[in-house]
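According to Swiss-Prot, the active site, proton acceptor annotation covers 24, on the basis of similarity to another entry. The anthocyanidin binding site feature in Swiss-Prot is assigned to 24, 396; the stated evidence is similarity to another entry. Marked as active site, charge relay by Swiss-Prot on the basis of similarity to another entry: 129. What Swiss-Prot lists as UDP-alpha-D-glucose binding site is 356, 358, 373, 376, 377, 378, 381, 397, 398, and the listing cites similarity to another entry.
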């Protein structure tokens, strides 16, 4: 066992740097626990506000004997021109704060360097989020290998790798509506330019920031990916080859959450009582409920959210609809009551205003489908739970994840969204899927057609494969062993 080797032979010490956004921090905390379970000392470096978000989950892990500690560093907000109270990416009130936020994050280099000078035992490895390029300078200064964590799947990472090497493909497109085929890909997959996460809509300083991220990616020792070999074998193999063998698939990392409290409190504390949620779910038939959650940074306009709600109502199926960022959706709240929507659906629909215990809900026997924005965490959690996906991508890597789920894995149905929601242009884009489109897509996913049954069968099969991957002898379990042995050899050769 590697945990025995680490104790006897070399006391490995990993320092983890999660990016300050829920979708990035949640899997990084899971990774910390997985490594600590192998006897590795873990130090998580983050800001006070972000540390507070995960206090309960980490305290339970520490109380169980796992060697995890948190070191807090103050975000230099004022120095970067960032107003106080914007310590997380998902709390930014406008796109204008994006550049100051990233500048403040990368100004952490100096205080973190001082931390490393005093840290004991000396770190053997850094695991850093892709969005924190300054950690490359720390790794270089202290001669420590840096492992990168993107928070994406191999399908998406390979797509980005191929398109960066063949950038003329995207650059030569005549319009944003023109389709192109990704070359050198295991499957024939088409995209439009706005659907791939290699371009950006934010001008100016943002290009320099993303350039630093790409440069830091090139100089990292390797990459860990929250996926498993069984889920996307061809893409995992090709991406590993592209990274000269230094890519380890170690997921689904969410499966380290085995107790109810950990499942319920991943990220923020849930805004619904766990017992109340379970009572509602227990009252529904097996596989009958559609879980609807469009992520922590959903930017759909009011007109589209209304159509989504009406489509869910007309589907005549029980549903849970989670609306995060509730304070930004006051108009929707008014519409719920003024239009009579909330009253009409009260017996069949459960509205969760804020944060939901997503893993707890997805693993419940009454849930039979997941309408998702296709963020990779949610996509993987849905597939791991054996649920078919109704895909509604918004931006970033989400169109890649939709293609993987629907076209490659054949475990989902597309809602029909074909263009990203550009920040600041939501109202202009307006409604992309009307209520009839929503109703039709729900039926395609949850209905009794042969296609729907096959999608559900396939999703269940993938869920079983994902669970096997993290068990002893499974691919992800073995890859964690391989990663630790690699870093151990490196650490011993450096001494």
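Every residue, even glycine, has its Cβ placed from backbone N, Cα and C.
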Among 356, 373, 377, 381, which are recorded as binding-site residues, the nearest neighbour of residue 396 (anthocyanidin binding site) by Cα: 373
For residue 129 (active site, charge relay), the three-state class that DSSP assigns: strand
Residue, out of the binding-site residues 356, 396, whose Cβ gathers the largest set of other Cβ atoms within 10 Å: 356
Mapped DSSP class for the residue listed as 'active site, proton acceptor', helix or strand or coil: helix
Residue among recorded positions 24, 373 with least C-beta crowding, 10 angstrom cut-off: 24
Nearest of the binding-site residues (356, 373, 377, 381) to the residue listed as 'active site, proton acceptor', judged by Cα-Cα distance: 377
Closest of 356, 373, 377, 381, 398 to the residue listed as 'active site, charge relay', Cα positions, binding-site residues only: 377
Annotated UDP-alpha-D-glucose contacts 356, 358, 373, 376, 377, 378, 381, 397, 398, maximal Cα-Cα distance (Å, integer): 23
Protein Cβ atoms within 10 Å of residue 381 (UDP-alpha-D-glucose binding site), excluding its own: 24
Cβ neighbours of residue 377 (UDP-alpha-D-glucose binding site) where a neighbour is any other Cβ within 10 Å: 26
